Amino acid sequence: MPMSSFKRKIKAIQIKIASPEVIRSWSGGEVKKPETINYRTFKPERDGLFCERIFGPVKDYECACGKYKGKKYEGTVCERCGVRVESREARRKRMGHIELAAPAVHIWYLESIPSVLGTLLNMSTSDLENIIYYGSRRVIERAFIVTDPKDTPFSQGDVIYETEYRIYRKKWDFDVEQAFVVKNPKSPVLSDIDGEVTLKTEKSITGREITWIIVKNITRATHTVLPGMILVVKDGQEVEKGQDLTKEMTIDPVYAPFDGHVEIDELSNTITLKPLTTSKDQPVVFTIPYGAKILVSNGQKVKKGDQITTSTSLPAVKASISGTVRFGSNLNIRALEDGNFEVLSTGEVYVEQVIEERKYPVFEGALVYVNNGDQVKKGDHLADRFLFEEEYLSATEYKIFESHYPTMFDVEERTENDRPIVVITDIDPEVSKETGLKVGDIVTENEYEAYLQIYPEKIVADAGAQAIKKLLQNLDLEALQAEIEAELKKLPSSSSKAIKLRRRLKMVKDFLKSGNKPEWMVLEVVPVIPPDLRPMIQIEGGRFATTDLNELYRRLINRNNRLKKLLELGAPEIILRNEKRMLQEAVDALIHNGSDSEGKRSRRAVLKDRNGRPLKSLTDLLKGKKGRFRRNLLGKRVDYSGRAVIVVGPNLKIHQCGIPKKMAMELFKPFVLAKLLGEGSSSKTMRKVKKAIIEKEMPEAWEVLEEVIKGSVVLLNRAPTLHRMSIQAFEPKLVEGNAIQLHPVVCPPFNADFDGDQMAVHVPLSAAAQAEARFLMLSRYNIISPAHGKPISLPTQDIIIGSYYLTTVGKEFDSLKEEDVKWKFSSPEEAMLAYHLGFIKLHTPILIKVAVNGEEKRIKTTLGRVIFNGILPEDLRDYNRIFDKKQINALVYETFKRHGIDRAADLLDDIKDIGFHYATVSGLTLSLKDLKIPPERDEILRKTWEKVRIIEENYEKGFLTEEQRKSEIIRLWMSVTEEITKLTSKTLAEDPFNPIYMMVNSGARGNIDQVKQLAGIRGLMIKAYDPRSREIKSKIFKGQAIHEALTFDYPVDKNLREGVDILQFFISTYGARKGQVDTAMNTSFAGYLTRRLVDVAQSVTVAEPDCGTHEGIRAMDLIKEGTVVEKMNEFLFGRVLARDVLDPETKEVLKNPETGKEYTRNTMLTDDDANFLASYKKMVDVVRYEEIDITELSLPNMYAEIAEPVGEYEEGTELTWDVIKAAKNEGKYRIKVKVYPVVGTVYAEEEPLYDKKGERQLLVYQEVINEIVAKMLEENGIEKVSVRPDIIVRSPLTCESEYGVCAACYGMDLSNHKIVNVGEAVGVVAAQSIGEPGTQLTMRTFHVGGVMGASDIVSGLTTVEKTFEPYAFLREEKSGGKKEIRKYYGSEAILCEVDGFVKDIATDESGRTVIYIEDYAGNIHAYKVPKRAKVRVEKGQKVLRGETLTSGAIVWWKLLELESEKGVMTAMNLLKIIKNAYVQQGVSIHDKHFEIIFKQMLSMATIVDPGDSDYLPDQLVPLVDIKRFNREILEGNAKVEENRKWVIGKTLAKRIITETEEGELVELAQKGDEVTEELLKKIIEAGIKEIDVFEKDKVVTYQILPKEPIKYKRRLLSLKKAALNYPGWLSAAAFEETAWVLTAAAIEGKVDPLIGLKENVIVGQLIPAGTGLDVFAGIQVEETPRAAVEEELA
């Protein structure tokens, strides 16, 4: 038996960060290859992105190789291909995964603002990005060169940069010199002089070789030295001319020292004496001195003592010039012990005199072109270079080269390097202490290497996502929480550091609370979404079209596989880094490709396809209008629907619509089939036959269709669906043709016309849906608009003209006396007969007998009026009235109020029939002759042009400025236009049956403005303008009539009937185009407004019948700048009283004398009640003297003071029970009192009441009179005052329901004038009611007629936008902690902060205007007026708290701070402004709708002091949550003592960490410890306010110290902000900034309780409003009546 039940299945949804294990658990297998589909077989590749083994079979119940086919094998895993046999639906659900070769950071957590990773790790986003993407840091630093390594691993000449040097320096001892980097050395090295080359090499201080090329230009004196001479100079010694080079000497003869043989060597000029073989003597060598003779021959034997040579003398050789001694290259000498040299053979000694010398040092590695002794010419090449580019020189080396090559090269003292950075992930505590480094610090790779050398294996640093992962794994969140809390205690709460810390603390707490692990923000595994959600489709030409996601996945897999391969090969680090970075970028692109539109900079390259279009990533699939949320979850397509053009259906009833037969057959096909099948058997062949019957359109099919349709309803919808009346239910009637027929009266709610509009039809399928549609949505029950409570389904155009024509009369009718009437009838039937027989016409005056209020009367009327009144309810008939549009509307409304909705619906049908009929009969036509031009027009124009000429003359003579001239002309033409308009109207009215007059006058079409342009004068034209233009801005600031800047001062003085000339035509085009453009521009804007409104208010439903509050808002006329925006009766209509309404005089509950209704608390006010209460006023005494009997058990029911002293109470004290007690103690029974009946009433006269002198206003309209004011009245001798009762009505603003509003505070459901039902979606209704007319609120800046003030420019939508987004127009700039308002329109309005009087308005020394206000106590308050503002008050005027003293924009937060908790004053001010915008456009919307939106805008508060909550100062928190939290704290604080007893003996569920006074973290207790009294005492002393203990395997938190409540300030949010701060994350994510909302929610592990409507639509269940409420959940609806009977039988 088919049944449908409305159980809501999902209670709440939680979002968390997925851990790698969770992702793997979702997966059906790892995707290892980037392949998708085999291009030949079109089958998915194994292990690829579409693999059947991982994701499920492509064909239903068939494995890949085809071994198993059919449902019987369901669940079998094929052993050949590994595919599980199941439904192909699995490919929509089963996921895969990719194991990453290196971790990758999830971009949402990095790029969110503020960055989650950044906040948690306390790092800046740029540093994080640098680490994740292997970035580098640019370092400008000095370099050093090691000159002496000592006991370090360095070598001499190693270059060390400053950063490393500082690190090494602390631990090691070695010597360095600063290094200089050589730049632009000039080459080659050229000789500057002619000369001889000498080469010399030496080692520098850094152990490198320097070759010295020395070129000398010299004169040389040669001196020959002979053997035996003794040289007394050294090589290189300086000598003077004539100085001895050798000694002068006499050489003795040589004698043989022993016996032996002589050997003479003439070549070397020596004699060798060899001893005899028997001797032990050694051989001796003698040099033969120059000039000595040898006395022996070669080989001769000599005896000891024989003379061998003769003696000789050698002269001294003297230097012939001064200079340097140089030994010749052939000089053979022997060094002697005294430092001189003995010459062994003849040679040369030179004395060189250097004329010029040049030294050229050359660094090692340079190529030297010359050798020692080479002669070079000036300009010859000596070497290819002296230094290399980028060579590092030590300071000493630099000095050498600098002195020899002063301008030949540059140096840099500091070098600029890009250093890869790494982050420390692990460090030995001692090393940390020593170096000051900690985990999470960023160092360059060079620094890291330095630390590693000093502390091997004690420090670890890394870059890339793996480093971030390690850091996150290292976080001890509990310790971190204790640390931050301890640090916060030391800081002032408003400091920026504290705010930053609090943000971090909140995040830490979120992670702890949600159970998310921080390292999960770094992905090891990437999930692959099911293939059917990213399909590949074959397109013609054999190619494949695929989703961007596949391309992103492919890139990711390719990079991942390449990285795996490189890791296996052991590739160098630099290649791996690059590959890892690319992998990270691939993961980023998959999750969020592209720089974000939300104003974030992105360092990543956007991945694009062939056409350069960015690929759509997962984030793009969620966000925006085309995203998953708004496109698919909130905007689903509906089956069983059709769409067609609409045409008018004049013979339909109001609840019917015509559906084309073909369409109906298609829509109801299943029902028709079922009906046909129900008769015969249900075999397959029968099915086919029946289907054929339908498809071949056989007659029996149509019969069955007629039967099926009977009693069912369909829904009709016209886009755009701006409010709920855009979808209504109708009973379908089958019609021929292809168009849907629509009843003409329901056009206004649909905003439909028949110029080609289309409408959609939907069929509610289940019985429950049918019932809902029929009883709640049927068009006859939706005549009344929920926006304002008046009818909205109304007759228009032809129907109105028909009714008007029927009831109108000729000119002579009113003047005709009854006795002159020719025709008299006894009954309407008789009159009709006369009409049909042609005796009378519809408009012939007749006398006729009709029943009026139950009695027969003879009246003068016309047959038309009799016919029309025939269809009206008897008590509403009026035979002497013309029924135009207004009258008909009032008639329908009155019928609804008196006789209910059904009678009203029938009346609409009757009016439609009669209207159409008589519109046809009337033969209404239009011709040019009907446009009557007023004869006086030409004369008026002539005079006007004359006046214009005079103005122009005055201007030319200089009597008027340009501004004044323009202004005068415009005013003149405006008044003329108005005059001609009146004349045109008058001229037309001369013939009541003039078709144009009838159309305009009846309200059927057109207005007098259009007629004026056709037959009168077009008048002044508007310019198109740019609101940002300087002219316009300056006008606004000066507060001038803005329209003057926007108007041509040359009028179109012709009308369209006679035609305009070329110039005037061109002037007209401006305005025409502006209208078009404005409309186009504002439609989308209005749509966005509606969307924001709905988002803000969607969760407001009627939650309970009564919240029980006694609060409310005061009923009053809404007055904005002197104009009444809304009268009090409209304000009261549909509301519920919050308190009894008391008669101002008697103070008893007020009673309506006509109906006898008493106005007590919780009474709902109808139209009549509202009119009665709004008009009820009385003259009441200000004061009365009475003597009262104090033995009675009640005080007087009005404010009273004692008129004589009683006990210690002085005269004038308020009469209370204490005073009476004192009187009784004195033995009195009666005391004299002054009673003030006016206290607590409201002043009801529009003219203010002045004091005796007439200088001061004592009372202003609508002021509530208190005792202070009453005494002032008394002092000024005022005896009686006209007052009305103080009426407090309930309002959504003051409702105390936790969610939504209660029925009593909302009041009447305007669409049926009954109290609203629980579950009604009042928020959405409110949003629609405000948004729907938005399109009408286009910038109608130019109202022709009446001079407009500056307030007009900001008309319409701009005003609405300004009110709902109050901060978009006021830029708050914080300077020095003070908020300053930058003006948008004019300046800021000054608010009065007290009740009082304007004492004076004066100017101070600086020339600024100051307003002095005196309050009731006589204190003076001064307010300085900003330069551009206008003073809005005058001396002696009474002002009340919160009123504006000057022109300008109200700064809402200032107003909010002025008032009490409720925010009512702010809301009422907003209401005035916004109502004004709508009223000007003639749009009526009930206040309660605005109040609901304002309630939502005021629903948040800013935390001033978070107390013991997890909130941060300045955080926005729903008021409900704050109040709940504070309530819980008060309850919790009461239980502290009890809890302390309870926890003794329990086991701790979490460890307890606290900070000592020295700032160290200590652990007080471990998890699992037992709580003893001693431990508890310690915990309490440490200031820990709650502990977690185990109770029956559950963790329970106990509060053991009192907590601080939250202090807060009410905030007025803009619509957008209010929607984004919505507590449920699903709805907020669907609104805007999807990624950020989801990120924040995932971290918190946020639970969406699915309270609002949107969330439930998103998860696909009934909304918790109306029949979707849990109250109705148990109801089961029988689909077929038979089933119940069967059940009984069973």
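Cβ coordinates come from backbone N, Cα and C, glycine included.
Remember, predicted model here, so these are calculated numbers, not experimental data.
Mapped onto three states, the DSSP output places Cys63 (Zn(2+) 1 binding site) in coil. Sequence-distant contacts (6 or more apart, same chain, Cβ under 8 Å) of Cys63 (Zn(2+) 1 binding site) comprise Glu52, Pro57, Lys69, Thr76, Cys78, Arg80, Cys81, Val83, Arg84, Val85. Annotated Zn(2+) 1 binding site per Swiss-Prot: Cys63, Cys65, Cys78, Cys81, in sequence order, evidence recorded as sequence analysis.
The Mg(2+) binding site annotation in Swiss-Prot covers Asp753, Asp755, Asp757. Counting every protein chain shown, the number of other Cβ atoms lying within 10 Å of the Cβ of Asp757 (Mg(2+) binding site) is 17.
Swiss-Prot lists Cys1107, Cys1295, Cys1302, Cys1305 with the feature Zn(2+) 2 binding site. All protein chains considered, the CB of Cys1305 (Zn(2+) 2 binding site) has 31 other CB atoms within 10 Å. Secondary structure from DSSP puts Cys1305 (Zn(2+) 2 binding site) in a helix.
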| task | Note down the number of other Cβ atoms within 10 Å of the Cβ of Asp755 (Mg(2+) binding site), including every protein chain shown. | result | 6
| remark: Same-chain neighbours of the Mg(2+) site, Cβ within 8 Å of the mean position of the Cβ atoms of Asp753, Asp755, Asp757 and not counting those residues, run in sequence order as Ile646, Ala752, Phe754, Gly756
| query | Whole-number Å distance between the CA of Cys65 (Zn(2+) 1 binding site) and the CA of Asp755 (Mg(2+) binding site)? | reply | 59
| Asp757 (Mg(2+) binding site) versus Cys1295 (Zn(2+) 2 binding site) - Cα distance in angstrom | 42
| task | List the same-chain residues at least 6 positions away in sequence whose Cβ sits under 8 Å from the Cβ of Cys1107 (Zn(2+) 2 binding site), in sequence order, or say none. | result | Cys1295, Glu1296, Ser1297, Val1301, Cys1302, Ala1304, Cys1305
| query | For Asp753 (Mg(2+) binding site), what residues in its own chain, 6 or more apart in sequence, show a Cβ-Cβ distance under 8 Å? | reply | Cys747
| said: For a quick check of packing: other C-beta atoms within 10 Å of the C-beta of Cys1295 (Zn(2+) 2 binding site), how many? | reply: 27
| note | Cys1302 (Zn(2+) 2 binding site) has its Cβ surrounded, within 10 angstroms, by a count of other Cβ atoms equal to 22
| field | Candidate with the highest Cβ count within 10 Å, taken from the binding-site residues Cys65, Cys78 | value | Cys78
| query | Relative to the Cβ position of Cys81 (Zn(2+) 1 binding site), how many further Cβ atoms are located within 10 Å? | reply | 16
| task | Determine which residues of the same chain, besides Cys63, Cys65, Cys78, Cys81, have their CB within 8 A of the center of the CB atoms at the recorded Zn(2+) 1 site, and list them by sequence. | result | Ala64, Gly66, Lys67, Tyr68, Glu79, Arg80, Gly82, Val83
| task | Starting from the Zn(2+) 2 site formed by Cys1107, Cys1295, Cys1302, Cys1305, give every other residue of that chain whose CB sits within 8 Å of the mean position of their CB atoms, in sequence order. | result | Glu1104, Asp1106, Gly1108, Thr1109, Arg1290, Pro1292, Thr1294, Glu1296, Ser1297, Val1301, Ala1303, Ala1304, Tyr1306
